[in-house]
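S.K.: Once you've had a glance at the structure underneath, I'll fire off some questions.
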Amino acid sequence: MTSPLIFWFRQDLRTVDLPGLNAAAATGRPLIALYILDDSTPGDWIPGAASRWWLHHSLEALAGALQECGAELILRRGKAPDVLDAVIEETGAEAVYCSRQYEPWAGDLEQALHARFAERGIEFKRFPGHLLHEPGSVRTGAGDPFKVFTPFWRACRALPEPPAPRALPEDLQWHSPLPETEDLKGWQLQPQKPDWAADWLALWTPGAEGAHTRLQRFLEDRVADYGDSRDIPGVAATSGLSPHLHHGEISPRSIWHATQAWAEEHPQSRATADKFLAELGWREFSYHLLVFFPEIPDKAFKPAFEEFPWAGSQKQLRAWQRGQTGYPIVDAGMRELWATGYMHNRVRMVTASFLTKHLLIDWRAGERWFWDTLVDADLASNSCSWQWVAGSGADAAPYFRIFNPTTQGEKFDATGEYVRRWVPELSVLPDKYLHKPWDAPEAVLQEAGLELGKDYPQPIVDHREAREAALAAYGQIKGK
Ligand SMILES: Cc1cc2nc3c(=O)[nH]c(=O)nc-3n(C[C@H](O)[C@H](O)[C@H](O)COP(=O)(O)OP(=O)(O)OC[C@H]3O[C@@H](n4cnc5c(N)ncnc54)[C@H](O)[C@@H]3O)c2cc1C
């Protein structure tokens, strides 16, 4: 009897365009589909609360998709090497295939498993699929990793197209009898009391089917205006694919090829499609940086920033987290995040800038809050984006470019739709004062039934003073 092969699902919760699963099927061995909840190996970076909510539903969806092709998803909790050993022992499996992951702890784990299994004659193979191009395949002329996005993306675009997505083979063989599985509900990935995600299934459809539907809708309804509208948080103009991409429910190359096909049919809209693809490029860039500079989640890429005189207080951090800073666009963003597990990219930039520059709070405090609250929390994109905004990252926004939260609101939420949705206590203010309620005359506030400091906070810092303090703080490390 042919010994089975374990296909170990990780951050690749799909069956379509999954190179490792295709390769596993091609061996002709009977397969075991396994997922391991390993809350030990990632150390400080186990998935946050919002990601765990998503993971629960994504695993349910994957189990359903596998059931349709005659398989059962085996769930086990524990340290990945111990669980793999146990399942090998129970089933006599002689091979383990999986997709590659790029977090520093994941790379170490893969190497350790390779050595551990090689000694015992067990085949361990990892496959690409989470990115368009593998880190290492995109380098400068001198052979170094890129540290600047524009030449990085130019180099990516000059490479041959990523391979076209592949369907799952139809003649998959599944091993039987199956090892025991655990109960997904018993993992308690979903919030208990209070259930802050009670209405999230109305907003999101975790799983591969939800991902492909979202992509299809985006191509049909949104991509044509993406270039013009992607910066307007009040308009549903972006794809919303980030949590699906993070959990590997859809491959970036599926998105790439579908977008290219759309652009060929709509040549007049080539530029907007390219803009969208370039955002996937930022995702790639973040992953490539994480692989070559694995300290990025914890340490400033520019060493001088390790000496930055961070100064903000816990009280200010809490006001920021709760959307109570007195700056409407900042508060709207933080409340959108809490209510939906998501925040629009423009507002992520504004809120992150406010935390690091207006409140002088270390970017790592914001990175952690996003890690816990975002459904798309992703070690590469989150860390690199935080460092980008804070000015400490590779190819970062210069520190001295300090967003003015009022003018950002007026520019990108000119109609006030976004602030009115998320900060309803301000909704009856006229547009003119919506982004600066402190400027509204008493009569206007009275008519709106709004008492500043009671119904909505006064700004917790003065923009001009905060800006000067930030520049002075930067002055202390500039040139170091
Ligand atoms: C402070 C901060 C923290 C962030 N944290 C995360 C995070 O944890 N996870 C995450 O996926 N993105 C993060 N981003 C990037 C970006 O905000 C989100 O990817 C984007 O808002 C997701 O919405 P969308 O899928 O509709 O994007 P779209 O505009 O439709 O873009 C398509 C895809 O491109 C990728 N992408 C877009 N913008 C970026 C970017 N700036 N950097 C990297 N990839 C990008 C995403 O995978 C996204 O799904 C962060 C940005 C900032 C400023």
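Placement of Cβ uses the backbone N, Cα and C atoms for every residue, glycine included.
Just so it is clear, the model here is predicted, and its values are computed rather than measured.
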S.K.: Which of Phe276, Phe354, Phe400, Phe403 does TrEMBL put in the same FAD site as Tyr226, Thr238, Ser239, Gly240, Leu241, Ser242, Asp376, Ala377, Asp378?
M.R.: Phe276
S.K.: Under a three-state reading of DSSP, tell me whether Ala377 (FAD binding site) is helix, strand or coil.
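M.R.: Looking at the DSSP assignment, Ala377 (FAD binding site) belongs to neither helix nor strand, so coil.
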S.K.: If the criterion is a C-beta within less than 6 angstroms of any ligand 1 atom, which of the recorded positions Tyr226, Trp310, Trp363 pass it? List them in sequence order.
M.R.: none
S.K.: List nothing but the largest Cα to Cα distance in Å, as a whole number, among the residues Tyr226, Thr238, Ser239, Gly240, Leu241, Ser242, Phe276, Asp376, Ala377, Asp378 that the record says bind FAD.
M.R.: 23
S.K.: Give me the non-local Cβ neighbours of Phe276 (FAD binding site): same chain, 6+ apart in sequence, Cβ-Cβ under 8 Å, ordered along the sequence.
M.R.: Val223, Tyr226, Ser239, Thr259
S.K.: What is the nearest of the recorded positions Leu241, Trp310, Ala377, Trp386 to Trp363 (site 'Electron transfer via tryptophanyl radical'), using the Cα of each?
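M.R.: Comparing Cα positions, the closest of these recorded positions turns out to be Trp386.
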S.K.: Could you give the Cα-Cα distance between Ala377 (FAD binding site) and Trp310 (site 'Electron transfer via tryptophanyl radical'), in whole Å?
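M.R.: Cα of Ala377 (FAD binding site) to Cα of Trp310 (site 'Electron transfer via tryptophanyl radical') measures 24 Å after rounding.
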S.K.: Taking 10 A as the limit, how many CB atoms besides its own sit near the CB of Tyr226 (FAD binding site)?
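M.R.: The Cβ of Tyr226 (FAD binding site) has 21 Cβ neighbours within 10 Å.
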